[in-house]
Structure formats: C-alpha cells, structure tokens
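TrEMBL annotations:
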| type | residues | note |
| --- | --- | --- |
| BINDING | B:Arg107, B:Lys147, B:152-158, B:182-185, B:Glu190, B:His213, B:266-267 | ATP binding site |
| DOMAIN | B:111-296 | domain 'ATP-grasp' |
Number of protein chains: 2
Amino acid sequence: MTDALAPGATIGILGGGQLGRMLALAAARLGLKCHVYDPDTGAPAAQVAAAHTHAGYDDLDALRGFAAAVDVATYEFENIPTAALDAIEAQVPIRPGRQALAVSQDRLAEKTWLSGLGLTVAPFAAVDDAAGMEAAVARIGAPSILKTRRFGYDGKGQARLHAADDAAAAWAAMNGAPSVLEGFVDFEREISVIGARAADGQIACFDPGENVHRNGILHTTTVPARVPRALATDAVLLAGRILNALDYVGVIGVELFVTPSGLVVNEIAPRVHNSGHWTQNGCLIDQFEQHVRAVAGWPLGDGSRHSDVVMTNLIGDEVFAQLGVADAGLHLYGKAEARPGRKMGHLNRIAPRA
Amino acid sequence: MTDALAPGATIGILGGGQLGRMLALAAARLGLKCHVYDPDTGAPAAQVAAAHTHAGYDDLDALRGFAAAVDVATYEFENIPTAALDAIEAQVPIRPGRQALAVSQDRLAEKTWLSGLGLTVAPFAAVDDAAGMEAAVARIGAPSILKTRRFGYDGKGQARLHAADDAAAAWAAMNGAPSVLEGFVDFEREISVIGARAADGQIACFDPGENVHRNGILHTTTVPARVPRALATDAVLLAGRILNALDYVGVIGVELFVTPSGLVVNEIAPRVHNSGHWTQNGCLIDQFEQHVRAVAGWPLGDGSRHSDVVMTNLIGDEVFAQLGVADAGLHLYGKAEARPGRKMGHLNRIAPRA
C-alpha cells in the first residue's frame with residue numbers, strides 16, 4: 001500500500017464518455033473522488049463525478065489546473081495529444097504510463113512492438129504514399145485491410161481490400177493519413193483478455209471473453225469463450241507478458257484472434273475495454289474497479305468469475321426497446337441523444353457457471 | 001412502463017448519506033440523474049450526483065426549488081418533517097408514499113398498524129409520562145426496552161429495563177419524549193427481508209438475511225439466513241403483505257425476530273436498508289437499483305441471488321484496516337472523518353451458493 005491514495009483522494013480522468021463514467025462510479029464505490037476532463041459540457045461522466053473541467057485537449061492552462069486538482073491521472077481513450085500528457089505528467093503521475101500510450105496510439109508502433117515481444121500479429125506493412133501502397137499490397141496481398149495508423153476506432157478509418165485491385169481506392173479513402181496494411185487473418189473466433197497490473201507488479205486477468213462484431217462495432221461478448229482450457233490459459237499468460245513488458249499499471253484490453261496455428265494479437269487498448277463490461281455482473285470486482293485500484297496504488301481485487309455472462313451492446317435507438325428489461329443487468333450511459341451507431345448502453349445476462 | 005421516467009430524467013433524493021450515495025450510483029447505472037437534498041455541504045451522496053441542494057429541511061423555498069428540479073422524489077431516511085414532505089408533494093410524487101412514512105416515523109403507530117394487519121409484534125405500551133411508565137411496566141414487565149416513539153436509530157433513544165426497578169431511570173433517559181415500552185422477545189435470531197414493490201403492484205423480495213448486531217449497530221448480515229425454507233418463505237410473504245397494505249412503491253426493509261412460536265416483526269424501514277447491502281455483490285440487481293426502478297416507474301429487475309454473502313459493516317476506524325482487502329467487495333462511503341460508531345463502509349464476502 002506504499003503511495004496508495006487515501007479514501008477521499010481524487011483521480012483525474014481524461015475523457016468523460018461511458019468508460020470514464022463507469023470508472024467514476026467504481027471509484028465512488030471505493031470512497032474516491034473523480035475529476036473528469038472533457039471538452040463536452042454534457043459528458044456522461046461529468047454527471048457522476050465530484051468535479052468536471054470542460055476544456056479542449058490543447059488548453060494547457062486548463063490541463064495544468066486539472067493536474068493540480070488531482071492526485072493521479074488516468075484516461076478512457078488513448079488518442080490524447082502528447083503536449084497534454086506532458087503538461088499533466090509535470091505535476092502528477094499518469095497511469096497507465098506513457099509507453100503503453102505511445103505503443104497503442106499508433107498501429108505501426110503497436111504491431112512492431114508486439115512482434116518484438118515475440119508475439120504473433122497479422123502480416124503488416126507501413127503505407128505512407130501511393131508507391132508504398134503498391135509495395136505493401138505486393139507483399140501482404142489480398143484480402144487485407146488498410147487502417148490509419150492513428151485515431152481509428154470501431155471500424156472507422158479502415159478500408160477493406162477484397163483484391164489487389166482495390167489498393168488505390170483504399171489508399172484514397174485514407175485521405176493521405178499514414179496507414180498500415182494488415183494481412184487477412186483466417187480466424188475461428190475473436191477473444192479478448194482484460195488484464196490488470198498493480199503498481200507493485202501484481203497481475204490479475206479476467207477470464208477470456210468471446211467477441212462478435214456487427215458493422216465494425218462490438219455486438220456481444222460471451223464468457224466463457226468457447227476455447228480449450230489450455231488456450232484460455234495461453235491467452236491470459238500472453239496478456240501478462242504484455243503487462244509486464246510495459247511495466248503497466250491499470251487495466252488493459254488485449255484482443256486476440258484464435259487461429260488453427262495459435263493466437264494472433266489483433267490489438268491492445270491501454271484502458272478499460274468494451275469487451276470487459278461483462279465483469280460488472282459476472283465478477284466480485286469488475287474491470288472498472290480493478291483499474292481504479294491499480295491507478296490508486298491499491299492491491300488488485302478478486303476478479304474471479306461467479307457467473308457465465310453474455311454482454312450485448314445497445315447501439316443507437318436499440319436502447320429504447322430495453323428499458324423494461326428485467327432479467328439482465330442494464331447499464332445506460334446517460335447520453336442525451338441516441339444517434340445511429342452510438343453506444344448507448346449494454347446488457348449483461350448471467351447464468352450459473354456451466 | 002406507463003408514467004415511467006425516461007433516461008436522463010432526475011430523481012430527487014432527500015438525504016445525502018451513504019444510502020443516498022448508493023441510490024445515486026444505482027440511478028447512474030440506469031442513465032438517470034440524481035439531485036440530492038442535504039443540509040451538509042460534504043454529504044457523501046453529493047459527490048456522485050448531478051446536482052445538490054444544501055439547505056435545511058425547514059427551508060421551504062429550497063424544498064420547492066428542489067421539487068421543481070426533479071421528476072420524482074424519494075428519501076434515504078424516514079424522519080423527514082411533514083411540512084417538508086407537503087411542500088415537495090405539492091409539485092412531484094414522493095415514493096414510497098406518505099402512509100409508509102407516517103407508519104414508520106412513529107414506533108407506536110408502526111406497532112399498532114402492524115398488529116392491525118394481523119402480524120405479531122412485541123408486546124408494547126405507550127409511555128407519555130411517569131404514571132404511564134408505571135402502568136406500562138406493570139403490564140409489559142421486564143426485561144423490556146423503552147424507546148422514543150420518533151427519531152431513534154442504531155440503538156439511540158433506547159434504554160433497557162433489566163428489572164421493573166429500572167423503570168424510573170429508563171423514563172428519565174428519554175428526556176420526556178413520548179415513548180413506547182416494548183416487551184422482551186426471546187428470539188433465536190434476527191432476520192430481515194428486503195422487499196420491493198413497483199408502481200404497478202409487482203413485488204420482488206430478496207432472500208432473507210440473518211443479522212448480528214454489536215453495540216446496537218448492525219455488524220453482519222449473512223445470506224442465506226439459517227432458517228428452514230418454509231420459514232424463509234413465510235418471511236417473504238409477510239413482507240409482501242406489508243408492501244401491498246401500504247400500496248408501497250420502492251424498497252422496504254422488514255426486520256423480523258425468529259422465535260419458537262413464529263416470526264415477530266421488529267420494525268420496518270421505508271427505504272433501502274443496511275441489512276440489504278449484501279445484494280450489491282450477491283444479486284444481478286441490488287436493493288438500490290430495485291428502489292430506483294420502482295421509484296422511476298420501471299419494472300423491477302431480477303433480484304435472485306447468485307452467491308452466498310456475508311456483509312460486514314466497517315465502523316469508525318475499522319475501515320482503515322480494510323483498504324487493502326482483495327477478496328471482498330469493498331464499499332466506502334466517502335466520509336471525511338472516521339468518528340467512533342460512524343458507518344464508514346462495508347465489505348461483502350461471497351461464496352458459491354451452498
């Protein structure tokens with residue numbers, strides 16, 4: 001408990017969306033206060049936090065004021081400008097640390113780093129211009145996916161190549177943004193491991209969940225994943241290697257493809273993760289509390305699973321059909337407007353462990 | 001879902017202690033906002049609510065402003081002045097309703113009402129003066145307990161009579177407050193049922209828990225209670241009768257003594273209850289969410305129990321020894337000062353259902 005925050009201390013959260021909101025609720029359960037930083041006055045997390053700064057990520061004065069008001073800073077998204085991070089870190093620690101952000105902000109850096117760790121990733125090649133695109137497609141082939149190196153999420157900033165002929169159109173769709181061409185991975189299923197590492201190096205991972213996407217957005221996560229026990233163990237050990245290599249503090253999401261030749265790392269997210277929302281109703285300690293505990297310098301909690309869970313995202317106006325649901329854990333994000341494609345909430349259906 | 005609050009609507013909570021705080025956290029999970037009314041600027045619930053009015057319960061202007069800002073009002077304690085309730089109810093519904101408050105604010109009214117419903121309560125007699133005390137002790141005998149009719153909680157406003165000789169001292173300890181002398185009930189154990197009733201009359205009760213007190217304050221609640229299945233069913237049916245008789249909307253706590261001759265009702269609390277805190281880690285939907293759902297006009301959720309639980313209250317500085325606890329659900333209330341006898345948090349230890 002060295003350097004652990006005392007109850008009543010304040011965690012700063014960069015980003016006030018649903019992840020920040022659920023982090024703030026978990027911190028409140030532990031008697032900790034939260035201060036949310038978000039440009040949007042209507043940010044979902046602001047409704048449940050003790051304090052809120054609404055200012056842009058380029059407003060260094062506001063960032064310094066925020067840092068002065070908190071005991072430690074964390075974040076709900078990885079695309080935070082470097083200057084903003086520098087301004088905060090001059091005053092308080094940022095957890096998870098800068099290496100995790102540097103690696104995960106850039107798909108090329110991420111794949112290069114994961115490969116260097118000896119992990120398997122999809123074949124990839126950097127694409128910075130039309131000539132590079134041609135060279136990349138010659139090497140990686142098709143089907144493949146071109147993705148911007150930065151700022152992509154939920155299928156945005158991506159173009160599929162069904163055949164090599166699609167290369168020019170795919171590159172045009174990137175609007176000149178530095179990109180990565182990723183080879184197609186013929187996977188049986190996608191799973192993810194939500195792992196946590198405390199400041200003292202203690203690691204706790206949740207059971208792997210199996211993810212199904214719709215329209216490029218996570219649709220369901222089912223736990224346990226339908227994989228052999230040995231593979232589930234491998235997945236957890238792999239997440240542990242990543243956590244240790246990054247000297248990580250907090251919760252990480254590791255997306256993995258299950259293939260006939262083993263596990264392929266799809267991507268890592270240095271934060272709580274949508275595919276870990278099942279933990280809220282499946283475990284004594286959920287991913288949000290685990291992250292708060294790590295960031296606060298507390299020991300991790302018991303993340304073992306008491307129930308089987310199917311988590312279903314509620315996208316756009318799907319949410320209205322579910323307000324009366326009684327047989328599931330309902331989690332709504334307090335967003336004013338149910339725009340198409342917007343994550344409005346999720347449902348956790350539980351069953352006794354099979 | 002008639003008259004159900006839409007996501008984004010605001011629930012007003014009278015009282016900003018730990019119960020109000022945990023209600024606000026549950027409301028936030030459902031995408032609802034809370035506005036907390038409490039005289040204390042440091043009220044635990046205010047840290048997690050979208051809005052906070054700090055004013056006294058005699059400040060009718062502030063109460064009217066609060067009522068104007070919310071869609072429905074509820075409360076975390078039953079001793080709210082009638083004038084305050086009138087001012088609020090002129091503008092918005094109060095749930096649970098006034099009858100439940102009238103009955104539970106006054107121990108004499110409560111025992112009279114429960115008896116009238118055909119339920120067994122301890123032998124009791126009103127005490128308004130020294131002569132009444134003498135008459136009461138002649139009828140009820142000793143051992144017995146003298147309690148003020150109003151404003152008692154956690155053992156406060158009570159005096160034990162070990163023998164009839166203690167009568168004068170016990171009455172003196174009440175400082176002239178109208179009181180009730182309660183006969184001693186020779187019980188095997190105390191259990192409680194946390195019940196919920198929706199606006200449309202739907203009822204859902206949690207499994208009975210077994211309570212152990214220390215120094216007049218709840219120490220542990222263990223679920224399941226060690227009682228035969230038939231008795232547990234009786235306890236739940238009894239709670240259901242009380243809920244229906246009060247045309248109740250919300251969560252109620254019903255404390256029961258298990259005696260050789262059956263169940264004796266100790267007291268009812270028209271609110272979420274300390275002995276229901278185990279539901280946070282033992283059920284898909286906990287007592288706080290169940291209360292919010294009822295008050296919001298939503299259907300009740302699935303309150304079935306997935307785990308066995310032992311809830312332990314953390315009183316005063318006991319809390320500091322538990323900050324590192326990893327194998328239990330830890331809930332801290334955000335109170336600045338750990339005064340002796342003050343409820344600072346609680347722990348839920350879970351185990352697979354036996």
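In case you wondered, yes, glycine gets a Cβ from its N, Cα and C as well.
Caution: TrEMBL annotation is automatic and unverified by curators.
Where TrEMBL records a feature, it is marked here on the structure.
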{"residue": "B:Arg107", "record": "ATP binding site", "Cβ within 10 Å": "23"}
{"residue": "B:Lys156", "record": "ATP binding site", "Cβ within 10 Å": "12"}
{"residue": "B:Glu182", "record": "ATP binding site", "Cβ within 10 Å": "22"}
{"residue": "B:Val185", "record": "ATP binding site", "Cβ within 10 Å": "17"}
{"residue": "B:Asn266", "record": "ATP binding site", "Cβ within 10 Å": "20"}
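DSSP gives B:Val185 (ATP binding site) a coil state; it is part of no helix or strand. In the three-state DSSP scheme, B:Asn266 (ATP binding site) is classed as strand. Classification of B:Lys156 (ATP binding site) by DSSP places it in coil, neither helical nor stranded. In the three-state DSSP assignment, the secondary structure recorded for B:Arg107 (ATP binding site) is helix.
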